[in-house]
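Q: Annotated Mn(2+) 2 binding site per Swiss-Prot: 272, 283, 460, in sequence order, evidence recorded as similarity to another entry. Residues annotated as Mn(2+) 1 binding site in Swiss-Prot: 283, 421, 460.
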């Protein structure tokens, strides 16, 4: 691996300007935890009860004195906005009282790790009604149980997260809270949208930096290193998911994360990487050549096909649309394009779609929700009719069992953020397996194998559903703008 020293990195005028912007625009208002708590109560459909949520505790690796990297539990964060370990939150629905519990002061820990959050600091920082130390938690919950629990349930996410109380007849409800919170989390408020937008802005800068410097790189690891460096230097220390930097045939591996192979002799790189900002994810994929233009007709044709799939699906996003219908559209466009290239043949577009042959090349869902998780949660709706199920089964694969592509998913709503990430891949394993399946008659395997060296192409943006249509939150360059950045990087 070449040393990516300071002198090797190109800093564009856009990045230089951004440094000033980042320093002056990151003072955000409080996370709207109280608003979220009230929304959850509405979804629960009750006027009494106590919501109890535990944050992520400090945990060491097995057989080690070293702590695991901290990652806050997202349901807890949604009702608190607190990204600190060993905290708890309760919401008394009857009294509209949101209470945060922070760790008791520990002198030994403070000396070694720095002081923990005080109740005074927490009151100033977070949108809660009161803050107390952990020592008060058990007694506070016990008093609520003694006063209200005969008529009101104590809501928990899972049976394993029960608080310690002395009564054996506590009315725990571990079935209602999760779906209520999923329903509220599926639609983002303005604060959440700002966080996702900022995560996308930083991810866009990192993708741009990779494009500017790709001609200097000799290994996938250098791509990963520069992307992470750019995000961290913009104060986005955490990635929303493990970075994927697959070159050549590795681009056909959907979740390739080794990122350690040489780039020499390969055509394309599929870079699927997104920063996290204040616990909110971005999810961005770009596929680009290891040169100033597409290295082969095959690479250009597949990129243009995936580009068409994405553009046609994005422009149809609006509230009321069922995402599964966009999934079908993406497959239809893919089939038409692969038929033009001679890869699919021997039937009509509808016959090939119904056979499932297109899933050999497009094996995943068109997208998913984005929020506190990169594959975020959402409400569920009644399942489609059997007739609908028969129609859609040909484009539903195991990877589409969750998210907006499922038959059970509701129509898109204003405030949802979803990815649109079509892809076309040429996997040796998938093609070998397809030879044994009934739809093999629709595939020209000799023609398909000519495309194996390109690996695959995926393009992914994060799309906000608005009152009038959609807004693309992703700023990473793609298409001709992407190629121009690569060319300018070489010129510099």
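Glycine residues also receive a Cβ, built from the backbone N, Cα and C atoms like all the rest.
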Q: Among the binding-site residues listed here, 272, 283, which has the most company in the form of other Cβ atoms within 10 Å of its Cβ?
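A: The largest 10 Å Cβ neighbour count belongs to 283.
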Q: So of all those binding-site residues, 272, 283, 460, which one's Cα sits nearest to residue 421 (Mn(2+) 1 binding site)?
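A: Minimum Cα distance from residue 421 (Mn(2+) 1 binding site) across 272, 283, 460 lands on 460.
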Q: Taking only same-chain residues 6+ apart in sequence, whose CB is under 8 Å from that of residue 460 (Mn(2+) 2 binding site), what do you get?
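A: Listed in sequence order: 272, 283, 284, 285, 286, 367, 419, 420, 421, 474.
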Q: Compute the mean position of the Cβ atoms of 272, 283, 460, which form the recorded Mn(2+) 2 site, and then list in sequence order the other residues of that chain whose Cβ is within 8 Å of it.
A: 273, 274, 284, 285, 419, 421, 458
Q: So around the Mn(2+) 1 site, 283, 421, 460 aside, which residues have their CB within 8 A of the centroid of those CB atoms?
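A: Along the chain, the qualifying residues are 272, 274, 284, 285, 367, 419, 420, 458, 459, 461, 462.
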Q: Determine, from DSSP, whether residue 272 (Mn(2+) 2 binding site) sits in helix, strand or coil.
A: strand
